[in-house]
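Novice: Before we start, here is the structure in question, set down as structure tokens.
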Protein chains: 2
Amino acid sequence: MAEVPELKESLQESLQQVIHLLDKHKLIEDLVHKQELDMPKRSLVESIVHKQNITLLQKKLDLLHPADVAYILEALPLAQRLDVWELVKAERDGEILLEVSDAVRQTLIADMDSDELLAAAEQLDTDELADLAPDLPTDVLHELLDSLDYQNRERLQSALAYPDDAVGALMDFDIVTIREDITLEVALRYLRRIGTLPDHTDKLFVVDRHDILRGVLPLKRLVVNDLDLGVAEIMADDPVVFHPEDLADDASKAFERYDLVTAPVVDHNNKLVGRLTVDTVMDYIREEAESDMLSMAGLREEEDLFSSVWKSVQNRWTWLAVNLVTALVASRVIGLFEGSIEKTVALAALMPIVAGIGGNSGNQTTTMIVRGLALGQIASHNMHSLLKKELGVSLLNGLIWGSVLGVIAYALYQNITLSIVMTAAMTLNLLLAAVMGVMIPLVMTKSGRDPAVGSSVLITAVTDSGGFFIFLGLAAIFLR
Amino acid sequence: MAEVPELKESLQESLQQVIHLLDKHKLIEDLVHKQELDMPKRSLVESIVHKQNITLLQKKLDLLHPADVAYILEALPLAQRLDVWELVKAERDGEILLEVSDAVRQTLIADMDSDELLAAAEQLDTDELADLAPDLPTDVLHELLDSLDYQNRERLQSALAYPDDAVGALMDFDIVTIREDITLEVALRYLRRIGTLPDHTDKLFVVDRHDILRGVLPLKRLVVNDLDLGVAEIMADDPVVFHPEDLADDASKAFERYDLVTAPVVDHNNKLVGRLTVDTVMDYIREEAESDMLSMAGLREEEDLFSSVWKSVQNRWTWLAVNLVTALVASRVIGLFEGSIEKTVALAALMPIVAGIGGNSGNQTTTMIVRGLALGQIASHNMHSLLKKELGVSLLNGLIWGSVLGVIAYALYQNITLSIVMTAAMTLNLLLAAVMGVMIPLVMTKSGRDPAVGSSVLITAVTDSGGFFIFLGLAAIFLR
């Protein structure tokens, strides 16, 4: 039996073996180059060594599941990745391209010519093509569209027309339909004639002659009911259905809420146009969770671990630039109080504490709100109680930590006024952090933006500038 | 048909209606109190109004799916939540308790007495009980164990013995088994006798008389093959299996990689002990993603949006305390250079920029590494290339943004040395951020900790203290 720990070990082992073979390959190549043999002899040795290695590596790779080859490709730096890709791409490139992440896929496609890409595409179903299509060069895509029959071309074009976050972009077309006026016996005979059912088929779609959805017949019900019964009698006539233009996010929540494995996708006339499966939904959930994590850290999009320095700089510069501007604003706030700092230089040492803890506390609040918004738990009716709670938490934290800091500040500088200013500034900055921590994601949502993107940078900006202003302002007033 | 947009609207609508009814209730109660009627009359009015409202609300709630009632409970502040809970808990409390988040579940359980809890628990399957058990008071748990039969008590105790992140804690016991030496016809006749199959049944488990797993028979194959064939001929004899002690994280990756709907769980003798289903795995993935997000922001655990101020303070204090210590360290670093700041007060205004941008850049690196580690793409073999890449990105960013800041600093203070110090400090701090951004999550992983927890706080601590030290240190040397 294929046991998971073994699977995993063998996956790590496979990776190690591939790397070992690649290293050996490189080592021998280097040796050959160093010995400076005359050209013909050198290329002879090279070609023998090369062939031996290649055969070993190829054997290894041929045994692996496409998902596992994809894993190895993701874990290899670019040069080695392309060496491996060269070896596998002839046979299973289509499947493997589907399994790798977007960023890695681009590096692989860049290494293929038009013919190779077309050959890869031909191995795939229409819905799989739709996943691949956005990364293909335009001329290849056109040639591909020409090579499809009418129905598949229609499907591909309509799938491409939907945005990435719509059900239409995620659905597939592996649907098995039956009529409602037959008996289970006839249905089973029909299935036996088909021979195999698509992956994840847990239900048959019951349609009329115009493909209008009438209900669904779970296989579970098909196998436990009397063969004389009619499909109409035992089908579920109130299934959860989706429309191609529904948001993938809502669909994934419905899959979780109602524990679905597959669900029909219908157009506005209730005509069956495709189906959504749990594996696609699961991939979508994973990708969304990752992209939320990346965007909270100010990375614009998914980044290949080994993408070039220049590409990474482009991916990351936007938020660094935003951060630069907010840092400059904070710096100018400090600039306003240079006089006070010159008089009491301790202010310079203490001010980052007030700003930093405000930022941390504000981020905690924002994260709670972003999560509540994502789960749909926050609306106008409970904003008031939320804000009240967060203000309470901040007041308590401000008084506790502010007092601790007041005592520490006194121990360091023996200035009681400075201590009190410190405590007051901490408390006020935490209250500011609470208000902004609630408001920033709410305002972003209201204005139609994703509250996960950049909330963290914005809240830090406010608590930095605000913290400096409050602390230095109070100091300027009370420490003359 | 149940369409999703409608579903979602009606969910939001239901919430609004519940809140409306609750508000009306409260309004009338307040009015009655204000009019200061004599006691008997007052309680008469109260009880009439109360009953009307309650009836309406109860009707509304009875129509909702348990998952939808759970959603409403999560979105209500504590007092209103308990009002609603009082109304639903008699009938479907077990199911609803399973659907709400851990934090909200605790608030609901706190409101129930032992008899109510036992009644709720009796509605549930053993694997569902295992989810609920950790939140139950000890005496209720003991009473519950006593009330179970031998097999279910064994199952519950073993499920509770596994840690939350093990397959054993996630598996259920809804398994349908058949023997391999029967024909499909006999198998189908057996299923018809059973009558209904458990949710998510996409395959039957084929076992021998000692419950040793021999293979699995997908329903998909059962319905398309000839009835005369034997189970042994068409079953898959090499299915992916899990062990109760496997990590849930590995299992969830296997579910995604191999697109599973259900999978058998076996012990070391290959005896079938339970099954894992995709809905449980999907819940697990969602919870893990959320807990990563929360822990990166320094929230210790899942927090109910409306939990009490005091509970929230407890949940958040750990990282605020860590942050306080790191901020104090940074502050002492500044303290070392108070002399330089007194001479050139501009340093105080510029130093937070160097620290802040270093923190932002370091967080971008850390996030990439944490993600690569979670996907298993990072190991000793590629650390070198990773570090080289991140250093390259930082060098380029440092030179670009450092120069921009150098120019701005010159415009503000007309001091060319200060400008150069600024550019150099930015570049050096970004290089420090790159090294630490790679090393911190790697070291945390090596020492067996979750790299998502607190990486962000640690990297910020290093880039703050480091940034102040580098900038003020260079200034102390070159700006005499």
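The backbone N, Cα and C atoms fix where each Cβ goes, glycine too.
Curation does not apply to TrEMBL; its annotations are automatic.
Found this in TrEMBL, in case it helps:
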DOMAIN    B:171-233  domain 'CBS'
DOMAIN    B:235-291  domain 'CBS'
TRANSMEM  B:391-413  transmembrane segment
TRANSMEM  B:420-444  transmembrane segment
TRANSMEM  B:456-479  transmembrane segment
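I'd like these features described in context: how deep, what's nearby, how far apart.
Specialist: Note on the domain 'CBS' (B:171-233): DSSP counts are 20 helix, 17 strand, 26 coil.
Taking Cβ pairs closer than 8 Å, the transmembrane segment (B:391-413) reaches residues 346, 350, 353, 357, 361, 365, 419-420, 422-431, 433-435 in its own chain, all 6 or more past its ends.
Within the chain, the transmembrane segment (B:420-444) has long-range Cβ neighbours (under 8 A, six or more residues past its boundaries) at 350, 354-355, 357-359, 361-366, 369-370, 373, 378, 383, 386-387, 390-391, 393-395, 397-399, 401-403, 405-406, 409, 450-451, 453, 455, 458-459, 462-463, 466-467, 470-471, 474-475, 478-479.
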Novice: How many of the residues that make up the domain 'CBS' (B:235-291) does DSSP mark as helix, as strand and as coil?
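Specialist: Going by DSSP assignments, the domain 'CBS' (B:235-291) contains 24 helix, 17 strand, 16 coil.
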Novice: Restricting to the domain 'CBS' (B:171-233), what is the model's mean pLDDT?
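Specialist: Computed over the domain 'CBS' (B:171-233), the mean pLDDT is 92 on the 0 to 100 scale.
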